[in-house]
Structures are given as C-alpha cells and as structure tokens.
Amino acid sequence: MQAYFDQLDRVRYEGPQSTNPLAFRHYNPDELVLGKRMEDHLRFAACYWHTFCWNGADMFGVGAFNRPWQQPGEALELAKRKADVAFEFFHKLNVPFYCFHDVDVSPEGASLKEYKNNFAQMVDVLAAKQEQSGVKLLWGTANCFTNPRYGAGAATNPDPEVFSWAATQVVTAMNATHKLGGENYVLWGGREGYETLLNTDLRQEREQIGRFMQMVVEHKHKMGFQGTLLIEPKPQEPTKHQYDYDVATVYGFLKQFGLEKEIKVNIEANHATLAGHSFHHEIATAIALGIFGSVDANRGDAQLGWDTDQFPISVEENALVMYEILKAGGFTTGGLNFDAKVRRQSTDKYDLFYGHIGAMDTMALSLKIAARMVEDGELDKRVAKRYAGWNSELGQQILKGQLSLGELAQYAEQHNLAPVHQSGHQELLENLVNRYLFDK
C-alpha cells in the first residue's frame, strides 16, 4: 500500500546541533540516563484520537484536515485505512507505544451487536499491526461521552439502561486491551458530573459511579488482566463540574469505595491547569498518596479556560515533573502519552510529526535535567534539613501517636518552648533550579 507519509523514512536522533525539523535533537532512545535507556524512562505513546480522528472541526468551523480516511465510504474499510496510516506514523516517529478509545479504532455501528462485531474485527487488525511493527499498547479505554445517549453521563446517568450500555462498552474495551497486551486501562469520566444541581442527586450519582468502578475492578480480576486501572482527573468540560475534579478528589473517592489499592491516576497536564493546579502539583500529590500511574503529556493555555491539548514545549515545567517521577522510581506500567493535537491551521500532514518531535525532545531534555537534579541531591538535602526536627525524639513521639494533644500542650509548657521561624529559602531554591535548567 502507498505510504501516506511518503517523504519520510524514519525520525532519528541527530543531536543538539541539528537543524533538521524531522530529527530528534535531544531524544536518543538508547542514551543511558541514571543507568537506564531513555526510551525505557520515558515510555512515549502517541494517541489515536487527536492524531487520526480529529478532523480539524471546532465550535466555529467545519473540519479542515481532509484526511483520506475521513472521507465518505464503508466504515470498516476506512477504519482499516486509518490503522495503516496510524502504524506507519508510530513506526516512523519511533514511539514504542500507542493509546486508543474503542470508537477511535472501530466504527460504533447502530447497535451493541454491530459495535462488538466491528471492534472484534479491528482488534484482529491492530494485533497484526502490533506484531508487524513492534509497537505496543500502553492503554485502551472506552468512549462513554460522545454519543448523545451519554448526555447525562454514563455511570452517573439517571437511566440504568444507559449505565448498562456503558458497562458493555467498558467490558468490551477491557477485553480488547487485554487481548492486545495493553499495560493499563483508563477510565475518564467525560460527562460524569452535572450542569445544574437543580436536577441532580449527588449522593445517588456518587453511589452509581462508585459501584461502576467496583464492577470494573471485579471484572479486571475475573479476566486475569495484570495491567493497571487508571482514572484520569478533570475538573470540568464538557460538564460544568466533574466528580473526578483533581488527584486529591479522586483519592477521596477511591477511599470511600475501598478502591485505593486497586486504581491509580493518569494525570493530564492541561487538566491540572483547568483545576487551578500546576502539573507539578498533581504529579507530586499522586506520588505522595501512592496512586501515581501514568501521564498524558500536553499543555494548556493560561489565558484560555478550556482544554486546548497543545504539545508540551516547556522544559522548565516538565523538568520538575520528571524530577518527581524519577525520585519515585519512574514509571512501572505507565508512560508519557501525548494527548495533544496540532492546531486547526496546521494542515500539512507533516505537522503531526513536528508536534510530536518537539514534545519528545522537550520531555527528553526535561529528563536529563531532572537526572542532574537527582544526582546532585541538593534539593533533597535542603528539604530533609527543613524537616529534620521530625526525626527528633519529640517529632517521632508525635508521629507515632505516643503523645495526646493535652500531653503535647503540657510538654510545650514544661519545656518553655519558644520556636523561631526558619527561612524557607524559596528564592535560593528557585535560583538553584535555574542553574540546572540553564547552566551547561
């Protein structure tokens, strides 16, 4: 079959001095960083939906891209053509993983029977493509938010029949992910929220989605899936308020339904922005709570209040993110999926490569800077010094529950405690980070 990206053989590493826009300047898959291959640290994935499904339409304009597989025709044949181009792209970009929603790769059809039959055929196609290319599935998921039936949510829908349809999609997508060797399964609550409290029963909807997630966990164990289940937090859009608002909110939900040992989080940078947090904050919070799983690497626009899904280009932001991930031991089943899309005006098909190449170089350079921060250890030393008092006898007695509140008050009075504030040295630490970022 004629190659779609026929002017490119493969994107290769050419080094920082290269001016070739179709080459990596910082991402060298085999380069060792802290004794581990860069490819194994970063575990890059390209997403199916923004890259091959979005046609360039927005709220104010029709599709602008005119991709061959987005033209009128027989749905399954177009899906197979899309798979041909997708795996050509994955191979030429040199990414080890990809991610998909069920209806990204397969026509939804007019009934559950058609949906399942179409998906089964496309899973066989994807399995063959994976075998031929060596590209693996980082995670799969089900799109339970686009179809009008999900206008009021899927698991939180007031109609149990919609809940049941969503369950069918999730079971089918989980089975497909398992068959394709996927390392994770993601649950994003696209419309699991509300537009107005005037017609919403919060307790009822919370019970529904809690039971849905328990059923997902039960099915995971029943089918023998060894991968990780991931919830992707997002505060709003498309609904006014979503129940998986941010990492801390998701953790509270998991604790309520006894799922904190079963489900982790897939953190998207742009969703952190929408929640009023930094990407760094959400990563660090997930690690502190023991639920860090995977990352959707992108960026938002601080001037815009919606999910712009741009490619990550800030080394300053992502070096701190990679620093937290390295300190936590790195990814296990997760990775860096580029949940990002070219701009509507970027109509050249090679713009898809430019966006991903820049993002991969950004994350590779961020990794190398983060590794220097880890090796130097200065930030860790200063944090340890700041909290050193908690290693004292008093600090340990407090943490181990050996002193009551009253006993602690008595201790303070008996020892005439008069603590003096110690500087947090924020400016010094910010300057230190700049040295890692900008000094050769």
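Placed from the backbone N, Cα and C atoms, the Cβ positions cover glycine too.
Together with Glu268, Asp296, Asp339, Swiss-Prot lists one candidate of Glu218, Glu232, Glu378 for binding Mg(2+) 1, that being Glu232. In the three-state DSSP assignment, the secondary structure recorded for Asp296 (Mg(2+) 1 binding site) is strand. Asp339 (Mg(2+) 1 binding site) has Asp309 as its nearest neighbour among the recorded positions His101, Asp104, His271, Asp309, going by CA to CA distance. Counting neighbouring Cβ atoms within 10 Å of each of the recorded positions (Asp104, Glu232, Glu268, Asp296, Asp307), the lowest count belongs to Asp307. Each residue contributes its Cα atom, and for Asp296 (Mg(2+) 1 binding site) and His271 (Mg(2+) 2 binding site) those atoms are 9 Å apart.
Compared over the recorded positions His101, His271, the count of CB atoms lying within 10 A of a residue's CB peaks at His271. For Asp309 (Mg(2+) 2 binding site), other Cβ atoms within 10 Å of its Cβ number 22.
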